[in-house]
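> Next up is a structure, given as structure tokens.
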Number of protein chains: 2
Amino acid sequence: MTVQDLHIWQQKASEAHALRDASLAKVDPPLEGIPAPDQLPKNSLDLVSKVLTAREIEITEKYGVTELLQVLRERKISVEEVTRAFLRRAALAQVTINCLTELLWDQAISRAKHLDSLPAPEGVLFGLPISVKEHLGMVGDNVTTSASFAAWVGKPHGSNVLLDSLWAEGCVFIARTTQPQGIMHLETESNVYGRTVHPLDRDRSPGGSSGGESALLGMRGSILGIGGDIGGSIRLPSSNVGVYGFKPSIKRISNAGVRGLYGGRETITGTPGPMTVSRAGLDLVMRVALAHKPWRLDPAISLRPWTPYKFTSPPKVAVQWWDGVVMPHPPMTRALKEVAEACKKAGMEVVDWDCEGLDHQKAWEITAACYWPDGGKELFDLLEETGEPSLPLTKFIINEQKSVKDHTMEQLMKLNSDRDSYRAMYAKAWSATATPTSREVDIILCPPSFGAAPLHEQSRYWGYTSQWNILDYPGAVFPVTQVDPALDRKDEAYQPKNETDRFVWDMYDAEKMKGLPVNLQVIGRRGEEEKVLAALEEIEKAMGRD
Amino acid sequence: MTVQDLHIWQQKASEAHALRDASLAKVDPPLEGIPAPDQLPKNSLDLVSKVLTAREIEITEKYGVTELLQVLRERKISVEEVTRAFLRRAALAQVTINCLTELLWDQAISRAKHLDSLPAPEGVLFGLPISVKEHLGMVGDNVTTSASFAAWVGKPHGSNVLLDSLWAEGCVFIARTTQPQGIMHLETESNVYGRTVHPLDRDRSPGGSSGGESALLGMRGSILGIGGDIGGSIRLPSSNVGVYGFKPSIKRISNAGVRGLYGGRETITGTPGPMTVSRAGLDLVMRVALAHKPWRLDPAISLRPWTPYKFTSPPKVAVQWWDGVVMPHPPMTRALKEVAEACKKAGMEVVDWDCEGLDHQKAWEITAACYWPDGGKELFDLLEETGEPSLPLTKFIINEQKSVKDHTMEQLMKLNSDRDSYRAMYAKAWSATATPTSREVDIILCPPSFGAAPLHEQSRYWGYTSQWNILDYPGAVFPVTQVDPALDRKDEAYQPKNETDRFVWDMYDAEKMKGLPVNLQVIGRRGEEEKVLAALEEIEKAMGRD
């Protein structure tokens, strides 16, 4: 087949591959010991010790974000050595799990050399390697951004407000990562970049839409990255690989400079946010982002400086055992029990968050309509430009959602009003948790998903994360445990409540999911970002962590 | 003509008049000495001394908001006596300038008696009479709200978040005030309530859409009221009658519980705000509103407590001499000169705000489109329900604006994007006012209108206020001077720049406008409500006021 025989979208994808492959070809020394593509192990981490040096493994595995920053600030290891180690590990991630759109070899090393040349370390992120979801754009010349659409391959792009703030604080951008078609799957597959797979099991998904990030973090090719979340796209992939992720309320971190469809859509909005191996990385990104006063550049952003919250008495925790629509898999329920128990032992009041009267199913129908106020026309038109096919999970999130349609103005305003009424109802329910003898609930502890990482193309229930997007409540996910067939036996007698519940329940297989990470999610009221992170700290302390 | 011969809208208007008239009939003792309708004086204030008692005049004229609150708190005058005085004066306002939809005689006196019966004063608004634009709804049973649409006359309504906060602090609601058709004129005329006229000159407009409020304040039938502003509807009427008015950025004061069309519209949003004879009233309302944490009830509201701002060095002021579209009338320009001079003398740095590169005309076209994303269909449909005719200023703001049309989803998102780009451009221009030797501008000092109160149906240029709605910048207006034919001579040589400019320039007649109030406007960056009010205080101090 010659180039002339390819569809336009395939030619565009080839261009994107060429850029990515050229960036990988810079790796020096080149990676050795990589098996042929069809010989890759199920668990890509098995290759780490075969391909990377002991020193590279030490640098990329020994430190959390705070510790690595300290080592860098004290100049115990040069920025360049750290950068090279992460670059080579990110390259290994790419060849095994397909998570990058571009390795920033030259730029990162040049930046590292510059930082090393400074008379003293500068910036709170001095020397920290950071990976970034591709559609966020990037500082630098000749940057292009496709958002994984064939039509946009090669499209010039600038930087964005958030990345500029990180850059100003001395970080090193090391890689740009994959996202799915439309950036609207909870997995990561596109016609341009193919499928990103889970580091621990290539038959499973690292989640999405920030799945290039999560996969890379799961491989420790990065320890801090930036994703985006409009339905779970930070929290779900972070959970699938067992790292931390945080979705603030919208209008705190700027979206300015992000490539995507549906600019000007106000029914629902996404937000960038951090994904990281360290809890401290969540607060760090928020603090840096808001220290730079993004509201002065981006008129969408609320004028609210980052104001760390400190609990003066133990938080009051409500546990959402299920969302009234889909029952979580057994490991998720066990994780909730374990953490709730630890919270109680630490003196927290723990109550139930009963969703059954709160109609999360209705929330989902509103949410899906809000995603595609034009019925998906803008997306399908863009695909058509290059003949790019619509992928199964794209069809799922548009065509298979009964509330999705092209709206008239009247219907749009009705949709917004329904959304606002739902939000007001939920806020009232939260306020009503206060009793004469106990204050209102501080946070909800809930699953970030129905279960651990599913097989590919099975991420067809968004409710555990999207619920908090339509409400605009901040949410942090954190690693809790792993699937353990001995502890997490399937209740074969469970009678699913509906078709989706059955689909999800049937997916669970303890043996095949053994060892996969299980995260939980901490949700706060709208705008209470600082409280969510403070509560997460209290909960982890209750779990015996630092 | 019998009731059967009336159009439906006329029958509905009669119902509204009956409610209003019945409420006026409660006035005790009844007003005496009112001339026949066709004998009313040009200046309605001329009747005050003929109709009200000396004591009533003293109570309603002697005190500003702070002083009246102090007298009430110290119980030097009973709440009931204060309430009765304002009720009778408000009734006089109604019969002369037609500014009320309902006098709250029974409710107010009952509330006053209750407050007087308390062992000690309670609430920061203890006993303060407050008037409210009708579409805001009201605490109490059997409340109806029409928003001046015939179709909605008699429609049951509840209270709203803002009014509940004021009520909780001990105020007395005394009257509900008129608004124009669609609440979208900068004057105040509706088919339901007719035309509200200016207290000083019945041939002129008190402005709108909160023109019932401004007219009542101009008559001192109230000293503090609540209006709403989406294009100037608080600031323009406050300016026309020479009182204070404040439009915060949206998402600070709740709109929840306001009757109106276009619920669920997000292109542009209005906000309630204070109108008052005292500068202190502006801060007071904001403080009370935010002390009650409206964000817990209304999910649209930003979590930003009221945080008074204090200048540690004199504010840097930029003077907008004109907006690049329409030249202000001579008294407005003189007011700007006088205040700018006073600011300089007080040690402030005063620079020019040059709008010519900032394309306020483009902003207006975006704004008009944002008001009517459906081309006005929702409004016209409502009129059609009762056969209610569209008024000239309704036609002006919908049919005569070339950017107004029914939008497809694609067009809507484009409109929102254009709006957001314009906002980003303006924010950048503001940031660029910082120089190596001087900080950025703190506030813009500008006209709130092209000039003093115009003759009826002439308010056809919104740019001096609506500019700050589309940008979502907070704005306060304050009284500066009056039209003085000796000082404010028309430049007959002025060559208007465009058709609108000519229309506006031709309107100026110093002799006929003699003595009419002239206000100015203080504008801050988005979200900087507290700074605007602090700057207003500094400016008034520079003018030799308290």
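Note that Cβ sites are derived from N, Cα and C of the backbone, with glycine treated the same way.
TrEMBL entries are annotated by machine, without manual review.
As annotated by TrEMBL, domain 'Amidase' applies to B:81-533. Annotation comment: TrEMBL describes B:Lys133, B:Ser209 as active site, charge relay system. The feature substrate binding site is assigned by TrEMBL to B:Ile183, B:Ser209, B:Ile230, B:Gly231, B:Gly232, B:Ser233. Per TrEMBL, the feature active site, acyl-ester intermediate maps to B:Ser233.
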> Far apart in sequence but close in space: which same-chain residues, 6 or more away, have a Cβ under 8 Å from B:Ile230 (substrate binding site)?
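Sequence-distant Cβ neighbours: B:Met184, B:Ile268, B:Thr269, B:Gly270, B:Thr271, B:Tyr371, B:Asn469.
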> Cβ atoms within 10 Å, counted per site: which of B:Ser209, B:Gly231 has the most, among these binding-site residues?
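When each Cβ's neighbours within 10 Å are tallied, B:Ser209 tops the list.
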> Of B:Ser209, B:Gly231, B:Gly232, which binding-site residues are close to B:Lys133 (active site, charge relay system), meaning a Cα within 10 Å of its Cα?
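Checking each Cα against B:Lys133 (active site, charge relay system), the hits are B:Ser209.
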> Where does B:Ile183 (substrate binding site) sit in the DSSP three-state scheme?
helix
> Determine the Cβ neighbour count for B:Lys133 (active site, charge relay system): the number of other Cβ atoms within 10 Å of its Cβ.
28
> I want the residues beyond B:Ile183, B:Ser209, B:Ile230, B:Gly231, B:Gly232, B:Ser233 whose C-beta is within 8 angstroms of the mean position of the substrate site's C-beta atoms, in chain order.
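Nearby residues not in the site list: B:Met184, B:His185, B:Leu186, B:Gly208, B:Ser210, B:Gly228, B:Asp229, B:Ile234, B:Leu236, B:Gly270.
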> If you draw a 10 Å sphere around the Cβ of B:Ser233 (substrate binding site), how many other Cβ atoms fall inside it, taking every protein chain shown into account?
36
> Determine the Cβ neighbour count for B:Ile183 (substrate binding site): the number of other Cβ atoms within 10 Å of its Cβ.
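I count 27 other Cβ atoms within 10 Å of it.
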> Can you tell me how many other Cβ atoms are located within 10 Å of the Cβ belonging to B:Gly232 (substrate binding site)?
31
> Check B:Gly231 (substrate binding site) against DSSP and tell me helix, strand or coil, would you?
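Note: B:Gly231 (substrate binding site) is coil by DSSP, not helix or strand.
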